[in-house]
Amino acid sequence: MPFTLGQRWISDTESELGLGTVVAVDARTVTLLFPSTGENRLYARSDSPVTRVMFNPGDTITSHDGWQMQVEEVKEENGLLTYIGTRLDTEESGVALREVFLDSKLVFSKPQDRLFAGQIDRMDRFALRYRARKYSSEQFRMPYSGLRGQRTSLIPHQLNIAHDVGRRHAPRVLLADEVGLGKTIEAGMILHQQLLSGAAERVLIIVPETLQHQWLVEMLRRFNLRFALFDDERYAEAQHDAYNPFDTEQLVICSLDFARRSKQRLEHLCEAEWDLLVVDEAHHLVWSEDAPSREYQAIEQLAEHVPGVLLLTATPEQLGMESHFARLRLLDPNRFHDFAQFVEEQKNYRPVADAVAMLLAGNKLSNDELNMLGEMIGEQDIEPLLQAANSDSEDAQSARQELVSMLMDRHGTSRVLFRNTRNGVKGFPKRELHTIKLPLPTQYQTAIKVSGIMGARKSAEDRARDMLYPERIYQEFEGDNATWWNFDPRVEWLMGYLTSHRSQKVLVICAKAATALQLEQVLREREGIRAAVFHEGMSIIERDRAAAWFAEEDTGAQVLLCSEIGSEGRNFQFASHMVMFDLPFNPDLLEQRIGRLDRIGQAHDIQIHVPYLEKTAQSVLVRWYHEGLDAFEHTCPTGRTIYDSVYNDLINYLASPDQTEGFDDLIKNCREQHEALKAQLEQGRDRLLEIHSNGGEKAQALAESIEEQDDDTNLIAFAMNLLDIIGINQDDRGDNMIVLTPSDHMLVPDFPGLSEDGITITFDREVALAREDAQFITWEHPLIRNGLDLILSGDTGSSTISLLKNKALPVGTLLVELIYVVEAQAPKQLQLNRFLPPTPVRMLLDKNGNNLAAQVEFETFNRQLNAVNRHTGSKLVNAVQQDVHAILQLGEAQIEKSARALIDAARNEADEKLSAELSRLEALRAVNPNIRDDELTAIESNRQQVMESLDQAGWRLDALRLIVVTHQ
C-alpha cells in the first residue's frame, strides 16, 4: 500500500477520529495523526485498516478554514492530490485546494461516500435499516394508526369514539359515558392519536386533586405518555427555568384548585400555547347565566385559548338540562349562546330518533315514512338509496346504515357529545352483596364512649367520620402501637374467609394505608397468607410490582390490600371477590371501589363482602347504601344527588348510630327518590346519541381489525433483530414475557425507555392487561419508535458489501442494491405521513443498469449473501470504485420515474380525501350548526399546505449494498 507524507486517510475501525494525515513512514509501519482529536495511530504498512480518502468531480469538500468548494478536477503529483474547483462562498473558479488542507472533522453522511471511505457496516445492519424503512412506511399507512398501541381491551364503543374524535382538527367534544364505561381511556386514546400523528404536541389535563395520581398512572401505564404533575412546589421550581413555568413541559397534569387559585398562574396557563385541554369531572363546574362559579370561569378562559378541548362529565340526564348546556357552551360559545333556544332544539330531535329506530328495526317502510326520511336528509339523488334500504336485496342493510349515518350527521349534538350507557354496552357482570354483621368489641365500646365525652365540641361531620373507623378511635387513646387487630372480629372473619377460599384472588379495600399495612402483617404472621399491599405512600414502580405479584396465578399473592387513594386508577378484573374492610363516606367512592373489579371484560360475577360492626356508623351506612340506593348491586347514577339532599340527616345518624329513630323512614324516602330519579333518567335517554356513540357494527369491525393486527409476527421478528443490533440483552421469562436489560456494548450509552434495572415486555395484549409490570410492545410503543429513530436518523446500515456465491454468474460480477427514500418535508401537524410517509424504493442493478429488484425478493436474496469484513471490503471497493460510480449514475437516472409515480399517487389521494371531507362538512354545515367555522377553515388551509408540501417532495439515496459474485 503506497503511503506518502501529507496524504489523507480514514480509519476503517475508528471512523469517529475523522480525517488522518500521514506524518511518518518507514519500511514496516505508517503513522497517522488525526488532527480533530489530536491522536496518533501506528499501523503496519502491509495490512493497515485504513482507507485512502479521494474525492471525485461533483463532490463538495470543506477546507480547514471552513470554506467549501465544488470539485471540478483532481490532479495527482508525487502521490498527493490537489482538488480544483469553484468556491461556494465567493463563487471564485479555478481554486486549488491541496488535500493536506482538507477539514479534519470530515463526516461521510451519503451512503456512497461512506462506502468509498471504507465506512462499511455489517450486513445485518443494512437489512435492518431496509426493514425499518419498509415497516415504518407501512405503519403510517395502516388504518387505525394511534389506536393499536395502548394497553387496553379492544372495546368497540371506546374505539369508535376515539377513532371519530382522534382524527379531527382540534377536537372539542363532551365525553359523557356512564360510570365504568371508560371515559378516561377514551380521552387517552384521543390524546395518543393526536400526539402520535403530530396533530397535537402540548397537552394540559385538569382534574380534581384526588384524581391527579390516577391520571398520571393511567396515561403512563396505558398509553406510555409521561405527564408532569404541577403543584405549588413544582410551579415555583419551574419559575427559575422559564418566564412561563408551563413552557418547561409538553404534557402537564394539574388540579382545578391549583389552576384557579392564582390569577398569575391562570394567565401563565392561558399563555402556554396548549394544543389540547382535557377537563375531568367537568360536571362539578357550577354555572348559571347570572352567576358562573370561579372554577367555571377559569376553564372558560382556558377553553378560549386552547384549540382542542375534551370535557369528561357525568351523563346529560344526571346533570340536568341547564348544566348540560353550560358544558356545551364551553366547547362552542358561538353555537350554544341561548339556553331557551337550546331547549327548543332538543325537542325537535325526537322525530329524528324515531326515524333512526325505524331504520334499525329492519321493517318495511311506508311511502309516508320514505318521504319523511327524504325531507329530513335533504339531499338530492337520495331516492336510489331510499329504494335500496326498502328492498329485499343484499344491499338493504348497508343502505339503511348509510341513511342512519346521514341522519346522525345532520341532526343533534352528535359531533360534540358522546354518551354510552350500560344498557347499550354488553359485557358487564352481576354484582352480589354479602353482608356480615359482627358484634362491637367492648374495647371499641369504651373508646367510643370516651371519645364522645372528649369530642363533644366536634362537628357532627367529624364525629361521623370518626365513628366509621373505630380502630382509629381506639388507637387515639391507646397509642399507635395498640393491637386492635387482636380483638377486632372483622380481622378474625377475614382470616377465616381467606383460608377457606385459598384458590380465590381477593381484593381487600380499606380507607387508610395504615390499616392495609397492619392487616398484611397479621395475615402473614398468623396464617401465612400471601398478601400484597397497595397504598399512596408507594412509588408507581412499587405499586406495579405489588399488582404484578397479585396477578400471578400460581405463585402470586392471594390478597391485595388497598387503601382508598392508593387503588385509584387501577383495575383488577382478573379477580372477582372483594372485601370492604370498612365503608367510604360517599356513594361516588363506593362506586369507585367496586369499579376496581366491575369493568367491561370481567369474566365472573362480582362477590362483594362487607363485614361490619353493629352499633357503629358502618351499620348505618351499609343499610343506607344497600336499602336506600341499591348502590352495592347496581351502579347508582342517582347516588350523589340523593346524598346531597339528605346529607345533614345522614351525618347525624352516622355520628350517633345508636339513635335509630326515623332512620327507616329516611331509607324509605331515599329508595323512593332513587326509583323516581332512575325512571326520569331512563325516560330522558337520547337514543339517537346512544346509537351514534356506540358505533354498532362499524365499531365491532374496528375492534376485530385491530385484533388481527395484534397477531402480526413481523413485529416480533423485527423487534428482536432491532434489540440485538442496538445491543440490548433479552432474557425469555416465559408466559410470553421477555426481560430487557442494557449491555456494555450498546449503539448508544443510554437508550430512551430502558432503565438501568431493565424492563419486562410482552407482545401479547392479554398478558399486558393482566401484568401491569410488563410493557405492551406494538409498533406504536416508544421502545420501537425510539429504536426506529435511532437506526433511521443516523447512518447505521447505510453502506455494506456482501458476497454472492453463485456459479451461474461469472466471478467478479457486480450488483449494486440501492435503497432510495421518497419523502416530503412538512410541519408534523400537517400529518403528511397519511399520504406520503418516507417510502423506500429498492433497486438491484447490474453494470448495464438492469433493475432485477422485481425478480429477486429482498429477504430471499439476503439469505443467499455472505458477509465481508471491513478491511477486505475496503480493498474490494477500491478495486471497483469506477464501476460502482457508473452504476450509481444509472440508478439516479431510473429513480425519478418510480419516485414521481409515488408522489403523484400521494397527491391524488390527498386531494381526493381532503376535498371530500371539506365538501361533506360544508354540505352538512347548512343543516347542522354543530360544525364549527374554524374547523372548515382549518381543513381548507390544511389541504392547501399538504398539496404544496407534496409538490416539493423529493428523493434521496438512503442505503446501498455492493454485491460481488464469488464461486468459493
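In case you wondered, yes, glycine gets a Cβ from its N, Cα and C as well.
What you are looking at is a predicted structure, and each value in this text was computed from that prediction instead of being measured.
Here Swiss-Prot gives motif 'DEAH box' for one range in the set 208-211, 280-283, 424-427: that range is 280-283. Around GLY180 (ATP binding site), the same-chain residues at least 6 positions away in sequence with a Cβ under 8 Å from its Cβ are ARG422, PHE428, GLU591, GLY595, ASP598, ARG599, ILE600, THR635.
Sequence-distant contacts of the motif 'DEAH box' (280-283) (same chain, at least 6 residues past either end, Cβ-Cβ under 8 Å): 174, 183-184, 187, 205-208, 211, 215, 299, 311-314, 318-319, 323, 327, 330.
Shown are the binding-site residues ASP177, GLU178; the one with the most C-beta atoms within 10 angstroms of its own C-beta is ASP177.
Spatially close to LEU181 (ATP binding site) yet at least six residues away along the chain are HIS157, GLN158, ASN420, THR421, ARG422, VAL425, ILE600, judged by Cβ distances under 8 angstroms. Within the same chain, residues at least 6 positions away in sequence whose Cβ sits under 8 Å from that of LYS183 (ATP binding site) are LEU175, ALA176, ASP177, ASP280, LEU312. ASP177 (ATP binding site) falls within neither a helix nor a strand when secondary structure is assigned with DSSP, and so counts as coil.
Cβ proximity to the ATP site centre (mean Cβ of ASP177, GLU178, VAL179, GLY180, LEU181, GLY182, LYS183, THR184, cutoff 8 Å) flags the following additional same-chain residues: GLU186, ASN420.
THR184 (ATP binding site) falls within a helix when secondary structure is assigned with DSSP.
This prediction places the mean pLDDT of the domain 'Helicase ATP-binding' (164-334) at 89.
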